[in-house]
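These features come from Swiss-Prot:
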- Asn78, Ala79, Asp80, Gly106, Lys107, Gly108, Ala109, Asn110, Glu210, Asp325: substrate binding site (BINDING)
- Asn255, Lys291, Leu292, Gly293, Ser294, Lys295, Gly296, Gly324, Asp325: ATP binding site (BINDING)
- Asp319, Thr321, Cys355, Val358, Gly360, Ser364: K(+) binding site (BINDING)
- Asp325: active site, proton acceptor (ACT_SITE)
Amino acid sequence: MMKGISSVSQSINYNPYIEFNRPQLQISTVNPNPAQSRFSRPRSLRVLSLSADPSANRNPKSAVDAHAPPLVVVGSANADIYVEIERLPKEGETISAKTGQTLAGGKGANQAACGAKLMYPTYFVGRLGEDAHGKLIAEALGDDGCGVHLDYVRSVNNEPTGHAVVMLQSDGQNSIIIVGGANMKAWPEIMSDDDLEIVRNAGIVLLQREIPDSINIQVAKAVKKAGVPVILDVGGMDTPIPNELLDSIDILSPNETELSRLTGMPTETFEQISQAVAKCHKLGVKQVLVKLGSKGSALFIQGEKPIQQSIIPAAQVVDTTGAGDTFTAAFAVAMVEGKSHEECLRFAAAAASLCVQVKGAIPSMPDRKSVLKLLKFSI
């Protein structure tokens, strides 16, 4: 069994109240006032000066007061099996890859890794298999890796860790095939109070669509009731998003392809993107954060003028895997730190620019010092 991660055998019915090991921070670190109810949220977010020099902070893992409500990511964790190829194979064709390796990834794990590497207190709620891929992910995310708190990650012995085949082409673009594994099949029907407690006490929550919609709905409803902002990254399943989920989120974050799929509308021009976003507004989503790849990003707030952000050019594009996750997580970190919308977009753009310059998803996530340095020299 992996260190710091509880094991759940599913040869019998899953018990959502099963005890699990918590060797690290307890939930009390989320609530700076022990006199408050375990489910009450701090009324204010205490953020320290965000020094570009991590050594200037009391906690080398965090640039923010440890009592600040954390970023909580509920989602997927995958082992990304990379194969570098010159081009995609044609139907019936077999081609040779230049190289191959396995790295930790998955949209949820990527976003959690990014939050922690940006030195904001970050918790990950997810499911792994008891296998080599699960161990790889736990080591990449945990104290010896990115510094993500894994108190709410559970492992199961009858489902494999989720994995993905990433076909990386010579121009840095990629195509991905995902096997859900534990991400899709190891969750309980009803989320435990323990798992919901951490999201109720969060400063902000990130969701994606690589885990069951039923889990996202339970989390989003609990978060909405607690008054915690939640961002839903559209990446993952290509099925329609349930209205129950849309009704409980604050920000919907698709890329332009996902926006087109979601609305059934073209998204080739900014005008078309704006029209597609208007359809999302009619579905009840007031804020839509659209990732536009090489064209940058845009935040659409219902009733307001869109806020556009150009890309911050990368010295070289090595691998775009994880760039969208980096952008979303960096935006969330800036948002929970109280930055303006414009500052959030720029901070996220800088993080994404650094991400695409390194191969792999989690290995490419930038640290705060690098992001601040890029922002300083790209004004």
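Glycine residues also receive a Cβ, built from the backbone N, Cα and C atoms like all the rest.
Positions of Swiss-Prot features highlighted on the structure.
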| residue | record | contacts (Cβ under 8 Å, 6+ apart) |
| --- | --- | --- |
| Asn78 | substrate binding site | Ala104, Gly105, Gly106, Ala109, His133, Ile137, Thr161, Gly162, His163, Ala164, Ile178, Asn183, Glu210 |
| Asp80 | substrate binding site | Thr102, Leu103, Ala104, Gly105, Gly106, His163, Ala164, Val166, Thr321, Gly360, Ala361 |
| Lys107 | substrate binding site | Gly75, Ser76, Gln208, Glu210, Asp233, Gly235, Gly236, Asp325 |
| Leu292 | ATP binding site | Asn255, Glu256, Ile273, Ala298 |
| Ser294 | ATP binding site | Ile311 |
| Cys355 | K(+) binding site | Gly322, Ala323, Thr326, Ser364, Met365, Pro366 |
Residues that sit under 8 angstroms from Asp319 (K(+) binding site) by C-beta distance, when 6+ apart in the chain: Leu168, Gly172, Asn174, Val356, Val358, Lys359, Gly360, Ser364
Cβ-based isolation winner (fewest other Cβ atoms within 10 Å) among the binding-site residues Gly296, Gly360: Gly296
Listed in sequence order, residues not in Asn78, Ala79, Asp80, Gly106, Lys107, Gly108, Ala109, Asn110, Glu210, Asp325 with Cβ within 8 Å of the centre of the substrate site Cβ atoms: Gly75, Ser76, Ala77, Ala104, Gly105, Gly162, Ala164, Ala361
Beyond the site residues Asp319, Thr321, Cys355, Val358, Gly360, Ser364: chain residues whose C-beta lies within 8 Å of the centroid, for K(+): Val318, Thr320, Gly322, Ala323, Val356, Gln357, Lys359, Ala361, Pro363, Met365
Number of other Cβ atoms within 10 Å of the Cβ of Ser364 (K(+) binding site) across all protein chains: 25
Fewest-neighbour residue among binding-site residues, criterion Cβ within 10 Å, set Ala109, Val358: Val358
Per-residue Cβ crowding (10 Å cut-off), top of binding-site residues Glu210, Asp325: Asp325
Recorded ATP binding residues, Asn255, Lys291, Leu292, Gly293, Ser294, Lys295, Gly296, Gly324, Asp325 - maximal Cα separation rounded to whole Å: 16
Collapsed DSSP category at Asp319 (K(+) binding site): coil
Residue among binding-site residues Asn255, Thr321 with least C-beta crowding, 10 angstrom cut-off: Asn255
